[in-house]
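Read through the structure below, which is laid out as structure tokens, and then see the notes.
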Amino acid sequence: MSPSVEVTPAHTPTSYEVTNSLDSYRGYDHVHWYVGNAKQAASFYITRMGFSPIAYKGLETGSRDVTTHVVGNGQVRFAFSSALRTGEPQADEIHAHLVKHGDAVKDVAFEVDNVEQLFSAAVKKGVRVISEPKVLKDAHGSVTYAVISTYGDTTHTLIERGSYEGAFLPGFVDTSANKDPIAAFLPNIELMHIDHCVGNQDWNEMDNACKYYEETLGFHRFWSVDDKDICTEFSALKSVVMASPNEKIKMPVNEPAVGKKKSQIEEYIDFYDGPGIQHIALRTDCILDTVRDLRARGVEFISVPGSYYENMKERLAKSSLKLEEKFEDIQALNILIDFDEGGYLLQLFTKPLMDRPTVFIEIIQRRNFEGFGAGNFKSLFEAIEREQAKRGNL
């Protein structure tokens, strides 16, 4: 039976008075992708990345124009939407997005304490509105949401879940009982949550994007590096990490810098046809197991040269830091290390998940370290440049 959904406007103050609610972010809610085949995209993350079915909306639930499959792992939730036909606004929007960008992230949703108050404050400060607050209701309760624009065609949905008890959102049916039989034959993958989502900008657009987050959403500059820190023989980039007031959400923003050849950021902009989400970092508590098991499932990661580990071993020997993991295991899995005297992170990046060299996934583990792998950027860039060269895009 199709779920019954009621949609009503929320009671947003018409005066849009500034409130102190720009600090009400609870964290990432989900990442929404527009793809050509939502069923197959969801299946990829189930079989390759170890996600599980969460919820579904489509013809069987009364959604005649768009279908959405939701999958998750830990607190990570990805929603994949595809158009079922043309001639309806959202379906046509998905078609247009696919033609321009290919399969890609459309929306990064934030869970907040109070949508109406945060939206009011953001509108007063000049946020670009896509959809004013609305309330969705079904038998499991209600959810309030609003949608705002960020860079390019990317949006942020603000979601207030309250005491909602459904699997995902009103209008979806629970699919958590639909276990994929192949899971019994594959290693289990344990992820925690989304650590950060990175957006790429075109030339000289990073500052504008950062100012937008600062001025409208109350974010602040958490961390930054310039082209002197992130460069190779051939290319360079600049990066600023924007964080919500409580630092539960971090959105790094990149732009290309002048180099001898085309950088990975320029390649992304060329094939994505504009600014957008470059990668999503997924946090794990044991990256050795996670990467080993993802490789066993067929996930392809970038390669790191042996010289990186020779240099890293020398750096570690000169510091007081002690790794909990065996260095040999880290090297065997091609995992990158960054550290200071207080802690360290371990990270590794997949190859692009699409035929277009656009979106990829990062697997990250933190041990008392809140940086973003600046010490790895040169090695990472060189590894990505090797892949670019194979594609004829360097």
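Using N, Cα and C of the backbone, Cβ positions are placed for all residues, glycine too.
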Taking HIS196, HIS220 as the options, which does Swiss-Prot list with HIS279, GLU362 at the Fe cation site?
HIS196
For the Fe cation site built from HIS196, HIS279, GLU362, further residues of that chain with CB within 8 A of the site's CB center:
ASP195, CYS197, VAL198, PRO252, GLN278, ILE280, ALA281, LEU282, PHE349, ILE361, ILE364
Row GLU362 (Fe cation binding site), column other C-beta within 10 angstroms, all chains, value 22
Under DSSP, the domain 'VOC 1' (27-161) has how many residues in helix, strand and coil?
36 helix, 64 strand, 35 coil
